[in-house]
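Annotated features in Swiss-Prot:
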TOPO_DOM  28-1666  topological domain 'Extracellular'
CARBOHYD  Asn135  N-linked glycosylation site
CARBOHYD  Asn377  N-linked glycosylation site
DOMAIN    493-625  domain 'C-type lectin 3'
CARBOHYD  Asn529  N-linked glycosylation site
DOMAIN    818-931  domain 'C-type lectin 5'
CARBOHYD  Asn843  N-linked glycosylation site
CARBOHYD  Asn865  N-linked glycosylation site
MOD_RES   Tyr933  phosphotyrosine
CARBOHYD  Asn1076  N-linked glycosylation site
CARBOHYD  Asn1103  N-linked glycosylation site
CARBOHYD  Asn1225  N-linked glycosylation site
CARBOHYD  Asn1320  N-linked glycosylation site
CARBOHYD  Asn1392  N-linked glycosylation site
CARBOHYD  Asn1593  N-linked glycosylation site
CARBOHYD  Asn1626  N-linked glycosylation site
TRANSMEM  1667-1691  transmembrane segment
Amino acid sequence: MRTGWATPRRPAGLLMLLFWFFDLAEPSGRAANDPFTIVHGNTGKCIKPVYGWIVADDCDETEDKLWKWVSQHRLFHLHSQKCLGLDITKSVNELRMFSCDSSAMLWWKCEHHSLYGAARYRLALKDGHGTAISNASDVWKKGGSEESLCDQPYHEIYTRDGNSYGRPCEFPFLIDGTWHHDCILDEDHSGPWCATTLNYEYDRKWGICLKPENGCEDNWEKNEQFGSCYQFNTQTALSWKEAYVSCQNQGADLLSINSAAELTYLKEKEGIAKIFWIGLNQLYSARGWEWSDHKPLNFLNWDPDRPSAPTIGGSSCARMDAESGLWQSFSCEAQLPYVCRKPLNNTVELTDVWTYSDTRCDAGWLPNNGFCYLLVNESNSWDKAHAKCKAFSSDLISIHSLADVEVVVTKLHNEDIKEEVWIGLKNINIPTLFQWSDGTEVTLTYWDENEPNVPYNKTPNCVSYLGELGQWKVQSCEEKLKYVCKRKGEKLNDASSDKMCPPDEGWKRHGETCYKIYEDEVPFGTNCNLTITSRFEQEYLNDLMKKYDKSLRKYFWTGLRDVDSCGEYNWATVGGRRRAVTFSNWNFLEPASPGGCVAMSTGKSVGKWEVKDCRSFKALSICKKMSGPLGPEEASPKPDDPCPEGWQSFPASLSCYKVFHAERIVRKRNWEEAERFCQALGAHLSSFSHVDEIKEFLHFLTDQFSGQHWLWIGLNKRSPDLQGSWQWSDRTPVSTIIMPNEFQQDYDIRDCAAVKVFHRPWRRGWHFYDDREFIYLRPFACDTKLEWVCQIPKGRTPKTPDWYNPDRAGIHGPPLIIEGSEYWFVADLHLNYEEAVLYCASNHSFLATITSFVGLKAIKNKIANISGDGQKWWIRISEWPIDDHFTYSRYPWHRFPVTFGEECLYMSAKTWLIDLGKPTDCSTKLPFICEKYNVSSLEKYSPDSAAKVQCSEQWIPFQNKCFLKIKPVSLTFSQASDTCHSYGGTLPSVLSQIEQDFITSLLPDMEATLWIGLRWTAYEKINKWTDNRELTYSNFHPLLVSGRLRIPENFFEEESRYHCALILNLQKSPFTGTWNFTSCSERHFVSLCQKYSEVKSRQTLQNASETVKYLNNLYKIIPKTLTWHSAKRECLKSNMQLVSITDPYQQAFLSVQALLHNSSLWIGLFSQDDELNFGWSDGKRLHFSRWAETNGQLEDCVVLDTDGFWKTVDCNDNQPGAICYYSGNETEKEVKPVDSVKCPSPVLNTPWIPFQNCCYNFIITKNRHMATTQDEVHTKCQKLNPKSHILSIRDEKENNFVLEQLLYFNYMASWVMLGITYRNKSLMWFDKTPLSYTHWRAGRPTIKNEKFLAGLSTDGFWDIQTFKVIEEAVYFHQHSILACKIEMVDYKEEYNTTLPQFMPYEDGIYSVIQKKVTWYEALNMCSQSGGHLASVHNQNGQLFLEDIVKRDGFPLWVGLSSHDGSESSFEWSDGSTFDYIPWKGQTSPGNCVLLDPKGTWKHEKCNSVKDGAICYKPTKSKKLSRLTYSSRCPAAKENGSRWIQYKGHCYKSDQALHSFSEAKKLCSKHDHSATIVSIKDEDENKFVSRLMRENNNITMRVWLGLSQHSVDQSWSWLDGSEVTFVKWENKSKSGVGRCSMLIASNETWKKVECEHGFGRVVCKVPLGPDYTAIAIIVATLSILVLMGGLIWFLFQRHRLHLAGFSSVRYAQGVNEDEIMLPSFHD
């Protein structure tokens, strides 16, 4: 680590301290990764491998004895190219050499100079051979030193370019059979490179190594104007600390920006990331913002929307937006690009700001080293204060070094040290630039917490300091404050400047103290014992030591020593008095060991403290003499001072503590959040100065908890100022070795410390147990979420923020909070047992139960304090035993529940053991204890809310519920709810994670979306399920797609005004089981109902040793206590493996198993590198995970806990069981990918990443959003490479690859832009190739213009965003990454085959309906064009259809359906024979079939809407039989089909499908005498069958009017005719049921249930009378009558003519009919 305080850099004449110069002089490379020999401390022999086994040999530097620490805590042997490991599956000879990618345990750690590995086996030497023994005490050292093997930990080497986004190297890595333990150089890469994953042969992940280099070549860009070199790591994604370490490893630092000109340069820089880390941070406890390279922070450009003042949940790191130039505070753990910076010229002139100079000033002014200071006690605004100083021929004070800060803090404020005082720093600019009023250059800034906090766009801004610490704060210039004036004084003769010091030569004065260097190297204490009391004194001493060349590496003794070898360092006695340790300045990895003496280093680590051997080590000395008496020490609290209400302490402590554990807080927090939480209360995270203090603290904590808990404490090394050394957040100096050797692991990135509390009551009684195990501290990544403890000095009153709800005493005093329960002690009211129960119940609590030793001890101590040892208190009999999981107690009683029926129970502090073992008189009047469960996590069901039924056979029991899987039906929410009500249940409510897991385990054969019982309006808070249970658990999809969509409302449809929840079944997606919401009026599936049971299910495994099968895997639960390593061995005995969990269904099923066993169970997940990376022990890759949010990854092995989450546990802990498995679906070993493509060189800091035969460039640079249209984006890609184009995705593998890249930048973007355009009325890629593969979230888009954006989201689905709502489109655009792609192989011929409108194949012309339709709608659309839905009858036909679907890119309906109610009897809708099954194995439920682009044939509900269908039109017309129509048949209804005559009957068919009851009604509608067809003989059977085949539609199933009587079991026709002919299928296929159907395809009959299934209908009616013959007779008679009448008329006329004309005219009679003759048409 590089070294440097926040010391100033000065212009010519005012320059930096020497150690800063040394740091700049050369890159700070790490030597920790160099090879070494391993020396056995007892024998002095070195170890080496011989034929894979370890032997001892004489030490030398030959390669066969050289080892090296590599990634994941492995020891790599250079000569054999293997790693030292343990095969714990064998009982003997576990220790040997393994291939470094072996599944054996290869990690090693140090402890007190010993080396241990898996299962706590320790490396030992026995008879000259290496072995592993659990109780070994062998000491191991690095050759040529006294260092432990772990004293110099492995340091990561970070990368750039490549395809790893800055990830560190993974050493060793394997290429072509050779293991490489360092970066390598070859002609295929632009510089030394390394692999970044263990399995390079498969992953192909690599990057260019970032190592120290002199000058600014290769990876750097020079800028003469600013005298700097810049490294733009654009295509990387690291946390702030990782980025800082990466820069430091190269002798550089994270970017600091010191002027508007430099800011402009960065904004105008091409190829810079849009968002990237800068060195600005507030990581040093109790200090403000500062640059990591310690340059002054006087130029600012904060984003007003992300202010610099963090809140409780705020952030202490800063990033820059390159487009706006604005700085934003941001979570330090976010993964972002970064910029490093280092100076062009390392030569710096040095100046001395600490040399004493005697100065003369006017009366009242304070002289100091050439200047005079005046603190003016009147208050004025800044401008008036400035004017007053000018009137004194001076100026407001300017501060340029820590020497100036010391004057302010130690000399100007003797009384009121907390007063605020103006200094001469002021800003009048935008962006902010603070400048000194006296015109001197700003070389130091010293900001207070959360400062500088400059109001946005408001000037001027002025600065004050606080006298106590001298730290600065931005104020309104109108504030009235005191001020300090400063002017030059008269320097006196230098010869007399040290007149207060002894006359001997060499004494130097600093303040009121004199110092002298003795240049002879002597053992500790020979000359004097130096005490160092402050940072300022340390800086002065650094100045004294600066002349010693760092190459000589001199040391100077201090007076700090661990006299008792207990690890506690104190100042040696001086003048009979021992000063308290008030300041510490430890070096990297110090204090290293107990019993030593402390010396200060020179060189690059000037002034840093290191532990040395007091006798053998020799160093120079600095002696110190005070010119006056020792000053008084700061007053500290007294042990008997009180603690605030709700805070606790222990007798010897000077502090009060408050534990914030999971049951009492909203959430666990990372270290920074926890520290800010404490600060808001006026406290800090806990700190300690003495070993005994932390012991007592941990004993205190064990009374608060059972089990194991990690709690944040104030120890951290977050700030770059600390250079890798530890500090307490409340400024308590570090004087005690409380950090075990494991603190050295992954030292660069584990910057915060936590303490482990684990309850081991049996050990408290034994004096000889090892305290070091009890005091267990560990470093963690600071973003880990843990519980914490706040600490405040005794006697101080904490603050009470608005959001904080402090503990307050009730009417019975303050409660006792233990393990999530509140205990109230009712001492002033004595009641009998029953009265006590009722009293507690009336106050919303219960009579207390005792279920753990922690609770027992806390209650015992509490009642002893309240009422003495003998007073008895009522408690309640526990249903469960005390600590029933605890198996190590000395007493047997705890193993069994106390069961005395209705007997009563009390206890006292003195005789509690006897009291808990016997009943007593329930009428006795006693005080009592009430218990209230914490509702956040321990709420229990109210006993009166359970349903009054138990689970019947069809219902699946789980806990207090029954679940029923029903046939999926697509319904609205209310219909779905009614459906479950009809079964006597409700839609499921999900009340816990374990219930969620159980439901998820039922999902594999269910639909993609299922209703659950959650319903609410958009204007109300969701708080209850439809079964009236409280909403205590939720599992909404984290992306919550519907949250971005508007759910339409229909004013006339009440359901649409409500939102209802769905559970998502996304197959193997990690989001399977999560919830979404939609309009309640939409149709989704109901497949699962629930009801409550009176009796909670006591599901247990009848025989725990038997295997259980789920999906394709066999599982075995081992129900016995064992460690992780033992569990692995047990599984191997059964030829099984510790389980690897790779999908959400498997996870859910095993979570339920863990609950049923009520045990945490080992799984095969473990880490070899202190939780940085986890992998499965069977070698499978970790794709799916279920980490507990509250656990953090704190240990190396993993259990599946009873709550369904993964939690890390010490591998050597005993757990109550393990899960073994045997996979029945073992896939082939992962095939090594071959990337033969060579990509172009990086462009503008952005590398091209190879995948398959393409190269990709993911653009996260600034101004990437300036390209808004597809053409502009394409132009941007063309500038990168003429062959590139905007991203297209051809298949699922490529989709997954692009998703993987996007997830690296999930802090910056939510989508990758897709190059999809709208041309020629269809969507296509920008290169005009069709979308042969798609993954749209909502199916086929309905886009009809170019006004849209498309992107791949962080869950892998494609989203489309139109420009209808411009704000959403802008958000989509600004949160997208642009991606360019070069296809190194011409894919156009392969992918440019646009799907034709018509496609001939065999005897048909095929086409695709490209719109969303149901199966029935698709059938109708095909029929309207004279065609059918597609059918397939051989493999070639299947391949043809699959090719159509693949080219279309969407799932399409085909003509296959089943309508017999069983979803198993499928038919082609075109009437062709179902003679070829295109799918294999089981498929999803559903009665219609579609084909998806992956070639999968899926069963779906026919009324579900899909993305289209395949139609075909026959090219050959079908030869049809001649049909006979007769007028003796009933007339056809309007627009209806005609009746067909066959023999003596008329027949009419219908194209629709009907149930049996519908069929009967339909026939009577056609004609009142018509019935469902009856068949009397074989000819009629053939006629009806032929009629159906020639008029095929959907199915060949035809209802017959034949039914069976329930009484005599006889069969009869509906038309009443006798059954004279039947044609049943053979008995094995004829079916069961009381109704019948004709199967027209094979002309046989089948018995079916009348209520199930659908079929075609043929109606039958007898032939009517022959009306034509009758009409002919009538007509003939009419003609004869007419002819007779005519003859009579002619006769009469002739008679009159003969007789002469008559006077009487013919008149028609009123009763004569007119007869009309109808015309006849044959």
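Each Cβ is built from the backbone N, Cα and C atoms, and glycine gets one as well.
What Swiss-Prot annotates, mapped onto the structure for a quick look.
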residue: Asn135; record: N-linked glycosylation site; Cβ neighbours (10 Å): 8
residue: Asn377; record: N-linked glycosylation site; Cβ neighbours (10 Å): 9
residue: Asn529; record: N-linked glycosylation site; Cβ neighbours (10 Å): 20
residue: Asn843; record: N-linked glycosylation site; Cβ neighbours (10 Å): 15
residue: Asn865; record: N-linked glycosylation site; Cβ neighbours (10 Å): 10
residue: Asn1076; record: N-linked glycosylation site; Cβ neighbours (10 Å): 18
residue: Asn1320; record: N-linked glycosylation site; Cβ neighbours (10 Å): 8
residue: Asn1392; record: N-linked glycosylation site; Cβ neighbours (10 Å): 15
residue: Asn1593; record: N-linked glycosylation site; Cβ neighbours (10 Å): 18
residue: Asn1626; record: N-linked glycosylation site; Cβ neighbours (10 Å): 7
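Closest to Asn1320 (N-linked glycosylation site) by Cα-Cα distance, out of the glycosylation sites Asn377, Asn529, Asn865, Asn1076, is Asn1076. Per DSSP, the domain 'C-type lectin 3' (493-625) is made up of 20 helix, 42 strand, 71 coil. Note: the CA-CA distance between Asn135 (N-linked glycosylation site) and Asn529 (N-linked glycosylation site) rounds to 41 Å. Model confidence over the domain 'C-type lectin 5' (818-931) stands at 72, taken as the mean pLDDT rounded to a whole number. Checked against Asn377 (N-linked glycosylation site), the glycosylation sites Asn865, Asn1076, Asn1392, Asn1593, Asn1626 differ in C-alpha distance, with Asn865 being the nearest. Nearest in space to Asn529 (N-linked glycosylation site), taking C-alpha to C-alpha distance over the glycosylation sites Asn843, Asn1593, Asn1626, is Asn843.
Asn1626 (N-linked glycosylation site) is 26 Å away from Asn1593 (N-linked glycosylation site) when you measure Cα to Cα. For Asn1076 (N-linked glycosylation site) paired with Asn843 (N-linked glycosylation site), the C-alpha to C-alpha distance reads 39 Å.
Considering only the glycosylation sites Asn843, Asn865, Asn1392, Asn1626 (N-linked glycosylation site) has Asn1392 as its nearest partner by CA-CA distance.
With respect to their backbone Cα atoms, Asn865 (N-linked glycosylation site) and Asn843 (N-linked glycosylation site) stand 24 Å from each other. In this structure, the C-alpha atom of Asn843 (N-linked glycosylation site) lies 76 angstrom from that of Asn1392 (N-linked glycosylation site).
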